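**Q** Pasting the relevant annotations from Swiss-Prot:
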type    : residues                                                               : note
BINDING : ASP21, PHE22, ASN23, ARG36, HIS59, LEU60, GLY61, ARG62, ARG118, ARG151 : substrate binding site
BINDING : LYS201, GLY293, GLU324, GLY353, GLY354, ASP355, SER356                 : ATP binding site
Amino acid sequence: MEKLTIRDIDIKNKKVIMRVDFNVPLKDGKITDDTRIVEALPTIKYAIENNAVVILLSHLGRPKGERKPEFSLKPVSERLSELLGKQVTFVPELYGEEVKMAIDNAKPGDVILLENTRFDKGETKNDPELAKKWADLADIHVNDAFGTAHRAHASNVGISQYIPSVAGFLMEKEIKFLSKATLNPEKPYVVILGGAKVSDKIGVITNLLNKADKILIGGAMMFTFLKALGKNVGSSLVEEDKLDLAKRILEEAKEKGVEFVLPVDAVCAQKIESGVETKTFRINDGIPEGWMGLDIGPESIKLFKEKISGAKTIVWNGPMGVFEIEDFETGTKEVAISIAAETEKGATTVIGGGDSAAAIAKFNLKNKVSHVSTGGGASLEFLEGKELPGIASIASKKKIEN
């Protein structure tokens, strides 16, 4: 069912408490990547334009219920002020007199950022008392934090028990694209999965085996599948306790008529380092002991490009190799270029959060795909077909009866 968004309700001159995801990386108190702040701007600006008083809530890192200065949102308020071109009032508290005064003194269109929600241990416990304190500050709750949608916390879920909760624009976009990719994908539907472990992607594989036409596997997880097929993978990373599961997945794919594509060669080295000697081995010939696969090889890239070509829906989650090191980035880069090319031909392309999002950004292709998810764990659970608590708590559009 479709969710209500900030667009569907009247927020003019109202007090709006908005859960955003400002969980940005910091180094020596400076923000090293402000992407998450930038992603939240459209919803914040919309509320400002509608003369709402905007009260922002976010977590940052894992302070575990303690006030730790290195996890303060103060640097975020400074960056947000620059991006909005207006002063954001930072209140180093979560509730109480100082917060109430800031809100009482606010004029329509003002923005207030409260301190890190996880400075109170009630946040991660979804404590109803804490949720009520926040709900009492405002008329409406806007949830724009997809990155925490897989968590039931006080600031995104608990608060919806007391005041109406609607989706912000970023949340709306995430739901739209991830739903399109999981519920009603246009065919041919190609899923590309990478990363280190099969165990991280089991849920996604089993859910998407019912929907995908092709599943392409890269990254270190490919070696668990290849070893399950009896191939020699040398010293590559293998989850020994998942070999039977890998066999079962391969059998299930066969039964369901899903084309399950594994790499045919790998770029290998003896150490995961830059500038080391690399060799490409064909999988059928085997990888010698002491060598480990760190990227898909040139033949695999060619094969993957053929399989991606002509797709109408593509979901990509997890890199093809150790793309952070230039010697092992080619597979990930070429797959990303392929996905961008299909997007240009009209395909819907969704990139899961985390490492794939980092890869797409590294190769400057972020604007060449349909959607890059802002949530790593959240997008993974969505692709697994799970209902996320942070989405379930948003009010649904009522079906209008004739």
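Glycine is no exception: its Cβ is also placed from the backbone N, Cα and C atoms.
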**Q** Cα of ARG118 (substrate binding site) to Cα of GLY293 (ATP binding site): how many Å, rounded?
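**A** So the alpha carbons of ARG118 (substrate binding site) and GLY293 (ATP binding site) sit roughly 40 Å from each other.
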**Q** To the nearest whole angstrom, state the Cα distance for the pair ASN23 (substrate binding site) and ASP355 (ATP binding site).
**A** 16
**Q** Between the Cα atoms of ASP355 (ATP binding site) and ASP21 (substrate binding site), what distance do you get, rounded to the nearest Å?
**A** 18
**Q** Can you tell me how far the Cα of GLY354 (ATP binding site) sits from the Cα of HIS59 (substrate binding site), in Å?
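**A** Their Cα atoms are separated by 18 Å.
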**Q** Please report the distance from the Cα of LYS201 (ATP binding site) to the Cα of HIS59 (substrate binding site), rounded to the nearest angstrom.
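**A** HIS59 (substrate binding site) has its Cα 26 Å from the Cα of LYS201 (ATP binding site).
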**Q** According to DSSP, which kind of secondary structure is GLY293 (ATP binding site) found in, if we only use helix, strand and coil?
**A** strand
**Q** Given the binding-site residues GLY293, GLU324, SER356, which one's Cα is the least distant from that of ASP21 (substrate binding site)?
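**A** With Cα distances computed to ASP21 (substrate binding site), the winner among GLY293, GLU324, SER356 is SER356.
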**Q** Most Cβ neighbours within 10 Å: which of the binding-site residues GLY61, GLY293, GLY354 is it?
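**A** Answer by Cβ density within 10 Å: GLY293.
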**Q** Can you figure out which of GLY293, GLU324, SER356 (the binding-site residues) comes closest in space to GLY61 (substrate binding site), comparing Cα atoms?
**A** SER356
**Q** Quick check on the binding-site residues ASP21, GLU324, ASP355: which one has the highest count of other Cβ atoms within 10 Å of its Cβ?
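**A** In terms of Cβ crowding, the pick is ASP21.
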